[in-house]
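S.K.: Handing you a structure now.
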Amino acid sequence: MSLLPHLMRLVEEQHLSAADAEAAMQIVLRGEASHAQIAAFLIALKMKGETVDELVGFARAMRAMAVPVSPNLEGATLLDTCGTGGDGAGTFNISTVAAFVVAAAGVHVAKHGNRSITSKCGSADLLEAWGIPVAMPPEATAFAIREVGIGFLFAPAVHTAMKHAHPVRVDLKLRTVFNLLGPLTNPAGATAQLIGAPSSHAAELMAGAIAALGLERGFVVHGSDGLDEITTTGPTLAFEVRNGKVERRTLEPADFAVAIAAPEDLKGGDLARNLEIADSVLAGAAGPHRDIVLVNAAAALVAAGKADTFLEGMALGVVAIDSGAARAKVKALADFAASR
């Protein structure tokens with residue numbers, strides 16, 4: 001099999017069917033395409049523009065070739081909070097901190113993420129600074145999700161076939177379809193998600209894709225300021241996915257009873273700065289950093305069915321932080337990893 005026929009169709013601005021997209025991704029993941037071919041494929045796809053069918057096909061191939069992580073929750077909801085990364089906004093690790101808040105509120109979390117590729121500090125970088133090794137064996141990660149309430153799915157460890165495309169991504173230093181696919185390919189089978197998208201168009205595509213892929217409930221969000229999170233600087237476009245249906249919504253800071261923030265209030269920095277911010281939020285410090293973590297945790301709790309409304313989710317998040325439970329989840333995961 002060759003990637004070239006699929007590449008030529010993209011060059012001619014023809015869309016791939018879901019089946020053809022799946023076949024093309026299988027070629028990439030099996031190492032049957034050169035780096036030059038992969039780079040050309042990614043750029044041609046980016047210039048043409050991705051479709052829902054293409055995302056569905058790519059995601060199916062990646063899911064099928066991922067290392068399985070099976071927490072065996074016996075019907076309990078499993079949530080992922082994952083952005084596409086690389087939004088260029090320079091914020092701190094909002095979805096990662098929110099994941100621990102959600103776990104402390106009683107929802108099992110399978111946090112899917114990676115090291116920084118196009119930003120200064122990825123979710124994996126922050127976790128390691130907390131003493132949490134990110135590349136635990138799948139069995140250990142599954143146990144952590146089940147018993148600690150949260151586990152980290154390190155993309156290179158669970159998507160080992162991505163090693164064939166990783167050097168290309170690093171060299172290109174561009175956001176590609178793989179940024180969109182990360183949140184669509186959780187190998188633990190998350191049934192609820194809060195997904196951050198890099199644009200309103202990408203959010204709509206990703207929502208259509210996860211609906212087609214069978215997600216029970218979730219939100220795909222894009223802030224008006226460009227954040228791949230629910231922002232607190234203004235409105236956020238949200239696509240709510242529920243049992244195959246997609247509903248377009250606009251979320252405002254007032255929906256969560258938080259003050260409107262200035263963009264500079266949400267800035268992070270390098271690993272040291274992001275660690276400082278994350279620690280201060282989990283220690284209970286008030287301010288815009290806390291607000292945006294709570295807002296995203298609240299939406300995640302609604303997606304998981306733990307809260308019926310965003311305000312209920314906010315209340316659960318406040319308790320999780322101010323009781324020390326969220327910070328305790330960080331320590332519990334670090335202690336669990338150290339004991340393995």
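Cβ coordinates are placed from backbone N, Cα and C, and glycine is handled just like the others.
Quick paste from Swiss-Prot:
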BINDING   Gly83, 86-87, Thr91, 93-96, 111-119, Ser123  5-phospho-alpha-D-ribose 1-diphosphate binding site
BINDING   Gly83, Asn114  anthranilate 1 binding site
BINDING   Ser95, Glu229  Mg(2+) 1 binding site
BINDING   Arg169  anthranilate 2 binding site
BINDING   Asp228, Glu229  Mg(2+) 2 binding site
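Show me how these features fit into the structure around them.
M.R.: Of all Cβ atoms in the shown protein chains, 18 besides its own fall within 10 Å of the Cβ of Arg115 (5-phospho-alpha-D-ribose 1-diphosphate binding site). DSSP gives Arg115 (5-phospho-alpha-D-ribose 1-diphosphate binding site) a coil state; it is part of no helix or strand.
A 10 Å cutoff on Cβ-Cβ distances gives Asn114 (anthranilate 1 binding site) a total of 23 other Cβ atoms nearby, all chains included.
Under DSSP, Glu229 (Mg(2+) 1 binding site) is assigned to coil, being neither helix nor strand in the three-state scheme. Less than 8 angstroms from the CB of Glu229 (Mg(2+) 1 binding site) sit Gly83, Thr91, Ile94, Ser95, Gly196, Val221, Gly223, Ile292, Asn296, each of them six or more residues away in the same chain.
Of all Cβ atoms in the protein chains displayed, 29 besides its own lie within 10 Å of the Cβ of Asp228 (Mg(2+) 2 binding site).
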S.K.: Where among the binding-site residues His112, Arg169 do you find the Cβ with the fewest other Cβ atoms within 10 Å?
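M.R.: So among His112, Arg169, the binding-site residues given, the one with the fewest Cβ atoms within 10 Å is Arg169.
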S.K.: For Thr91 (5-phospho-alpha-D-ribose 1-diphosphate binding site), name the DSSP secondary structure in the helix/strand/coil scheme.
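M.R.: DSSP call for Thr91 (5-phospho-alpha-D-ribose 1-diphosphate binding site): strand.
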